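Colleague: To start, I am sharing the structure in question, which I have written as structure tokens.
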Amino acid sequence: MATAGDIVLTVVTGVFLLLIIVASIFGLAHLQDPLERKAAWFPKVVCIMAAVTSAVMILLLPLDVAGRKPVGTPPFIPVYLLTLIAYGLSLFLLAFLIPLAFLHYDALEEPEHDVDTVLKNASQGRSSAGASKQLFHALKWTLPFTLALVALVGGLYYAYGYSRLPTAFLESVGSTVAGRATCVAAGDCLAWTRFMYIRINPLLYGVAIVNLIGMVFLMLYGGVGLICLPLDLLRSFINRPRAMSISAVVDARARLYTRSQELTTEAQKLLAERDELRAKGGFLKNLTRSGALDSQSRRLAAKVFELEEQAHKLEIARSISEESVLVQFFKLALSIIGFIFSILWLLHLALYFAPVTFGMKPVSAFMNAVFAGLSKVPFLGPAFYAIFALHLLLCLAHGSVRLGRLSSILGAVHSIRPGRTLTSALLFHSWLLVAGAQAVSHAGARVFGSYARDTASGRIANTQLANLSGGVGHGFDALICLMGVMAVVTALLACILPARKRKKKVKLVSEKERARNRQKENNYEMRQRAGK
């Protein structure tokens, strides 16, 4: 029989699901490149599915806690079944659908078409290759990859797909005591522990493999994001664009133009050196020089990105309004909240999870006790639980974008920029997001294991996956602890190596310079009128 709380929980779940779908669509529209606005529909649908699946896996944690029932009472919302469905969909996305969409997008262009034709077709929603060719090209490479992946995971499941559960056995040693219950009451028992090996669900073993990969991303990107997400929001507020006069805008544009010409010259020199290196031949002989050119190319890409950011801020400063000022102060508020949540995450790892991982008594239950106290108010404890899990997922996403600017291995090839992101980059980060969301879901159930006791996510993470044979469960916990270490290292580096500050040169403005600035301002206004 459904209670009023169950009905409210169901309605709230449906509303949140609709909000997640709408937010995913608007987020993709905000990030996508204008040239691809009417193209690559299938990859974009896959990106939306990945974003929705990631958010649902995180929000199933508080739903599981809020709908928890006493032992023996079936829950109104089948959270365990929904969790398995979400896990299955995430595995399907990671192993088949996202690689298929990536290769499908890669087949949009054919080498015999020139760039102008490709751009024209993309802006009109057409592709250079036919639809059948695109699908055949994508399936030709995706199906063997997926089958090989399934065969590999299947072999590992056959060999190691067991949970190693410690089980206590009691036996009466007295001649007058019979039965285990009487033995315990009399204190006349012989106890020993054995391990029971139980084969787990093959779907959950696939989830464990993905969790292991996602935990590596969580350790690296999540640890960096716990510090960089609030720190970058704070820096965005400090370095926010401010209103500028027309003369200042003209001067700034002139400086940007000069800087762009310098970077263009530098890029041409790098291309010439690379062509010369290719003409010489000899892989081993030119390996060192090729590595140096790659390093220079990455530094040049960072300079170009910085120049584009300055140009974007200049455009905002030219047309600044009260609304943009409110957005900047909203970022400041989010930065403060983000710092609070990140500090609480690190304190909870240090006081509760790390001691439990290394077999010691925890210093304090900390956030487990806080969530339990907040749960006295209906839905308040699960709501904060959801916020903590979503904060970690956002930190992981921000860390992937932040570290991606440093190396092509970490994602610089697929950089995320509002209004300038290619669909291939969206697919790449969607794969990272889904794998990371599984890891965050597992980490939430493990780190807040006391609060998530007797839930579907708790049974999966703390019983079946935590006791996998081969020491996989210990690897999960160690990577979660290393995430906290990575966050501390990032905070120390941010303090020791602060952001580079540009020195402002103070110079006196002469009458001739003022006259030139006024002339520039008048010329700019005349060009604006002529353009209108």
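Glycine is no exception: its Cβ is also placed from the backbone N, Cα and C atoms.
As annotated in TrEMBL:
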| type | residues | note |
| --- | --- | --- |
| TRANSMEM | 6-29 | transmembrane segment |
| TRANSMEM | 41-61 | transmembrane segment |
| TRANSMEM | 81-103 | transmembrane segment |
| TRANSMEM | 141-160 | transmembrane segment |
| TRANSMEM | 203-234 | transmembrane segment |
| TRANSMEM | 332-354 | transmembrane segment |
| TRANSMEM | 383-401 | transmembrane segment |
| TRANSMEM | 476-497 | transmembrane segment |
| REGION | 508-532 | region 'Disordered' |
Colleague: If contact means at least 3 Cβ pairs within less than 8 Å, sequence distance 6 or more, would you call the transmembrane segment (203-234) and the transmembrane segment (383-401) in contact?
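Modeller: The answer is yes, given that the two segments have at least 3 Cβ pairs within the 8 Å cut-off.
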Colleague: For the transmembrane segment (383-401), which recorded stretch in the set 41-61, 141-160, 476-497 gives the largest number of Cβ pairs separated by under 8 Å?
Modeller: 41-61
Colleague: Counting only residues 6 or more past its boundaries, what in the same chain has a CB within less than 8 Å of a CB in the transmembrane segment (141-160)?
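Modeller: Counting only partners 6 or more residues beyond its ends, the transmembrane segment (141-160) has Cβ contacts under 8 Å with 95-96, 99-100, 103, 202, 205-206, 209, 468-470, 472.
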Colleague: What stretch in 6-29, 41-61, 476-497 has the biggest tally of Cβ pairs under 8 Å against the transmembrane segment (81-103)?
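Modeller: Highest pair count goes to 41-61.
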